[in-house]
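Enquirer: Pasting the relevant annotations from Swiss-Prot:
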type	residues	note
BINDING	GLY170, ASP171, ARG172, GLN173, THR174, GLY175, LYS176, THR177	ATP binding site
MOD_RES	THR257	phosphothreonine
SITE	SER363	site 'Required for activity'
Amino acid sequence: MVTLKADEISNIIRERIEQYNREVKIVNTGTVLQVGDGIARIYGLDEVMAGELVEFEEGTIGIALNLESNNVGVVLMGDGLMIQEGSSVKATGKIAQIPVSEAYLGRVINALANPIDGRGKISASESRLIESPAPGIISRRSVYEPLQTGLIAIDSMIPIGRGQRELIIGDRQTGKTAVATDTILNQEGQNVICVYVAIGQKASSVAQVVTSLQERGAMEYTIVVAETADSPATLQYLAPYTGAALAEYFMYREQHTLIIYDDLSKQAQAYRQMSLLLRRPPGREAYPGDVFYLHSRLLERAAKLSSQLGEGSMTALPIVETQSGDVSAYIPTNVISITDGQIFLSADLFNAGIRPAINVGISVSRVGSAAQIKAMKQVAGKLKLELAQFAELEAFAQFSSDLDKATQNQLARGQRLRELLKQSQSAPLTVEEQIMTIYTGTNGYLDGLEIGQVRKFLVQLRTYLKTNKPQFQEIISSTKTLTNEAESVLKEGIQEQLERFLLQEKL
């Protein structure tokens with residue numbers, strides 16, 4: 001039998017006492033009182049912060065939104081089917097944040113930045129708060145560089161600049177998403193990173209957008225954030241902020257970004273649902289009182305940064321759906337007042353075959369020609385004026401049968417200009433092609449053609465000038481101006497192609 005000496009025992013005890021580490025963990029916990037409809041009411045959690053993440057016993061995460069005197073209203077970031085009444089909840093001490101990195105490019109993720117495209121995990125070393133403050137006045141500079149959409153009607157008359165917020169508004173099925181996706185396609189080779197946020201849409205619609213971007217190689221510079229119609233309201237409400245956080249990551253790294261929110265009406269509806277279930281008082285159209293703040297704090301994050309911060313930019317194209325053209329409803333008026341202009345898509349124009357169905361009369365860009373190259377300013381002014389006069393004359397001509405020759409000519413010119421603005425989906429044009437197209441129309445070269453021949457002629461003209469007069473594109477891209485030399489090359493090219501075209505049509 002081994003005998004232990006007393007001093008050995010005391011040494012062992014001393015060592016153990018020295019190794020003892022007194023660690024006290026204070027956890028702020030509470031108990032579930034009630035759960036249902038994506039909302040949980042928690043008793044306890046006395047020191048929880050507004051917007052703090054809380055974790056339920058079975059692993060679901062929630063956000064503490066309502067801090068009341070006797071309980072806390074938590075919105076769930078999941079279905080919460082396994083949460084039981086009386087189970088415990090603990091505060092995490094964290095606010096919602098997502099991992100960010102270049103590896104997100106080309107991926108489809110959800111509002112929590114988890115991949116949903118079945119292509120494995122995304123590696124990220126940094127993270128950003130989902131809700132971070134917008135850049136201040138000193139951090140910004142005014143918008144001065146163009147962001148080309150590839151659509152003649154927009155780039156000439158409603159120009160968008162890098163760092164601008166331009167609302168796309170219209171009824172359902174008027175081509176709002178098509179305008180947004182065309183803009184993404186047109187950013188190829190422009191060093192612009194695109195983020196497309198789909199909120200409360202059909203999964204089939206999102207899949208269609210992703211497929212069209214993949215087919216044209218646009219997913220290489222695009223991130224898709226999707227929360228479909230079957231997602232919890234909390235995640236639909238968070239999705240735009242997740243997209244903004246990803247775009248901000250690139251903006252602060254001196255890059256240009258474009259973010260599309262498709263659409264903010266659905267986000268407002270999700271927020272209304274959450275607010276009513278949390279028993280917040282309803283306001284106009286049953287939306288809560290802070291629905292304006294919901295959108296303003298999101299859209300204010302779009303900016304053109306100052307030269308000290310690297311001149312990165314984040315351009316936002318929010319989409320809002322109207323009911324039978326009513327732009328005076330609550331959400332449309334809110335977003336119109338926050339943004340720097342709106343592109344109004346009309347169902348009547350869409351049904352009349354004018355696509356993109358942009359109503360140029362009430363669409364406006366408040367940044368205006370500051371975001372256009374000089375060559376575009378030179379040709380776009382005349383186009384705007386002629387179309388405005390045509391719209392006025394067309395309304396007048398309906399009541400009068402005997403019109404003088406000058407009026408008839410102006411109406412004929414207007415019809416051809418309207419034809420010139422029509423474009424197929426997913427066929428964006430370069431700025432040089434747009435300039436030559438507008439110049440052809442405003443200088444009367446299309447007046448001798450039948451309306452049905454206009455688009456065919458313009459397609460052939462663009463091909464002819466690209467192959468036979470490459471110097472025109474070179475002058476425009478290098479000087480950004482329609483110089484006398486460029487104009488004479490263009491005139492020559494149009495004359496040659498017009499003669500060839502008329503000859504072909506006669507045969």
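Count begins at 1; order follows the chain as displayed.
Glycine is no exception: its Cβ is also placed from the backbone N, Cα and C atoms.
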Enquirer: Around the ATP site formed by GLY170, ASP171, ARG172, GLN173, THR174, GLY175, LYS176, THR177, which additional residues qualify by having Cβ within 8 Å of the site's Cβ center?
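Expert: So the extra residues in range turn out to be GLU321, LEU345, ALA347, PHE350, ALA357.
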Enquirer: Between GLY170 (ATP binding site) and THR257 (phosphothreonine), how far is it from one CA atom to the other, in Å?
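Expert: So the alpha carbons of GLY170 (ATP binding site) and THR257 (phosphothreonine) sit roughly 24 Å from each other.
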Enquirer: In whole Å, how far is SER363 (site 'Required for activity') from ASP171 (ATP binding site) when you measure between their Cα atoms?
Expert: 15
Enquirer: Can you tell which of the binding-site residues (ARG172, LYS176) has the fewest other C-beta atoms within 10 angstroms of its C-beta?
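Expert: Minimum Cβ neighbour count within 10 Å, taken over the binding-site residues ARG172, LYS176, occurs at ARG172.
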Enquirer: Looking at the recorded positions GLN173, THR174, THR177, THR257, which one has the fewest other Cβ atoms within 10 Å of its own Cβ?
Expert: GLN173
Enquirer: When you measure from the Cβ of GLY170 (ATP binding site), how many other Cβ atoms are you left with inside 10 Å?
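Expert: Step by step: centre on the Cβ of GLY170 (ATP binding site), count other Cβ atoms within 10 Å, giving 27.
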Enquirer: Roughly how many Å separate the Cα of THR174 (ATP binding site) from that of SER363 (site 'Required for activity'), to the nearest whole number?
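Expert: Checking the Cα atoms of THR174 (ATP binding site) and SER363 (site 'Required for activity') gives a distance of 15 Å.
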Enquirer: Counting across all protein chains present, how many other Cβ atoms fall within 10 Å of the Cβ of ASP171 (ATP binding site)?
Expert: 18
Enquirer: Hey, what's the Cβ neighbour count for SER363 (site 'Required for activity') at 10 Å?
Expert: 21
Enquirer: So for GLY175 (ATP binding site), how many other CB atoms are inside 10 Å of its CB?
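Expert: Other Cβ atoms within 10 Å of GLY175 (ATP binding site): 19.
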Enquirer: Fill in the CA-CA distance, LYS176 (ATP binding site) to SER363 (site 'Required for activity'), as an integer in Å.
Expert: 14
